[in-house]
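Novice: Got a structure here, written out as structure tokens. Questions coming.
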Amino acid sequence: GERGTPARAGPTGRPHAPGSASLLLWIKGKLFTWNILKTIALGQMLSLCICGTAITSQYLAERYKVNTPMLQSFINYCLLFLIYTVMLAFQSGSDNLLYILKKKWWKCILLGLADVEANYLIVRAYQNTTLTSVQSLLDCFGIPVLMALSWFILYAGYRVIHLIAVAGCLLGVGTMVGADILAGREDNTGNNVLIGDILVLLGASLYAVSNVCEEYIVKKLSRKEVLGMVGLFGTIISGIQLLIVEYKDIASIHWDWKIALLFVAFAFCMFCLYSFMPLVIKVTSATSVNLGILTADLYSLFFGLFLFGYTFSGLYILSFTVIMVGFILYCSTPTRTAEPAESSVPPVTSTGIDNLGLKLEENLQETHSAVL
């Protein structure tokens, strides 16, 4: 109770000690709120989209010897262009396509370039280093870089529980990598491990830049703007790069309906990923989303048990559990954000740019308690 209020006594005259029931109620109220459950569901939906892109790409590569990552990305950027960029063209005022290009064309080019090259570098890294190196470096290097950029650009202030949660998620990634090694999935060492690892680090850094820019735009401006600009410049950049690096691979494809169907499935999964990710980022943060989609590799592994004959390991289940616990812990507490001193907003600490939905729920609970 409040300070100075005597504890309620039981039949024996002794105060009640907080029992396990009250602890469970506290955990339920803190970790399993509607917004956290919704964030988990949205994060796993994104993971399944990524899983779909991985499985279709692997089918194309292993069954049909089709290795055209830039063509696959180009189709996705074209879909984004046809829907979101065209929508911007018919907007008025500051949301109009020409107005956006006039005011910040170079920023839009950098955003599109970072997105295209991040995808390309990671795919190339798979050809030069091991699967486990790509998984571990991409997550263990990319997420800390993303958090640092969020702190520097978005002024996110992390609490101890966030650092513990991230460490837990990365521990889950380590468990997954260990399971891969025990299952023998690291046998494909590629051509040059050092070059492959450098490509992963560069790709992870570009992913972090792209995600932070996306978070800033969807929270300060609009989702249509970020997708429209990525669609426009992603189509141009990937189209040029496609003609330079993949024209021979594309010419050698023996097209049939199965290959076409796999391309369609890949494009659908990728388009859903790009369309839904800004929605999830808007109510949480780029860091939350990247922690949530750590399970994508595990979904790919589970499907791979049936499709590609992977070896099962109980460590995969442990890895999934550890990642999900860390993700829930991270989402359970909103980060604190401080506006920069030169901003027109008074330089006081406020809460809410990260895990916005959770903060709104907390505010409602505080208001309800005050009324009572």
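Backbone N, Cα and C atoms are what each Cβ position is placed from, and that goes for glycine too.
Features from TrEMBL:
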- 40-61: transmembrane segment (TRANSMEM)
- 73-92: transmembrane segment (TRANSMEM)
- 134-154: transmembrane segment (TRANSMEM)
- 160-183: transmembrane segment (TRANSMEM)
- 190-209: transmembrane segment (TRANSMEM)
- 229-247: transmembrane segment (TRANSMEM)
- 259-281: transmembrane segment (TRANSMEM)
- 301-330: transmembrane segment (TRANSMEM)
Novice: Six or more residues out from either end of the transmembrane segment (259-281), which same-chain residues have a Cβ under 8 Å from its Cβ atoms?
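Specialist: For the transmembrane segment (259-281), the nonlocal Cβ contacts are 39, 42-43, 45-46, 49-50, 52-53, 56-57, 59-60, 64, 66, 72-73, 75-76, 79-80, 211, 214-215, 218-219, 223, 226-227, 230, 253, 288-289, 292.
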Novice: Under 8 angstroms, Cβ to Cβ: which one of 40-61, 73-92, 134-154, 229-247 has the largest number of such pairs with the transmembrane segment (301-330)?
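Specialist: Ranked by Cβ pairs under 8 Å, first place goes to 40-61.
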Novice: Using a Cβ-Cβ cut-off of under 8 Å, list the residues of the same chain that are 6+ residues beyond the ends of the transmembrane segment (40-61) and lie near it.
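Specialist: Residues 67-69, 72, 259, 262-263, 265-266, 268-270, 272-273, 276-277, 279-280, 288-289, 291-297, 299-300, 303-304, 307-308, 324, 327-328, 331 contact the transmembrane segment (40-61) from elsewhere in the chain.
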Novice: Is the number of Cβ-Cβ pairs under 8 Å between the transmembrane segment (229-247) and the transmembrane segment (134-154) three or more, considering only pairs separated by 6 or more positions?
Specialist: no
Novice: May I ask for the residues of the chain that lie six or more residues beyond the transmembrane segment (134-154) and have a Cβ under 8 Å from a Cβ within it?
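Specialist: Same-chain residues near the transmembrane segment (134-154) but 6 or more away: 122, 125-126, 166, 169-170, 173-174, 176-177, 180, 196-197, 200-201, 203-205, 207-209, 211-212, 215-216, 285-287, 290-291, 294, 297, 337, 353-354.
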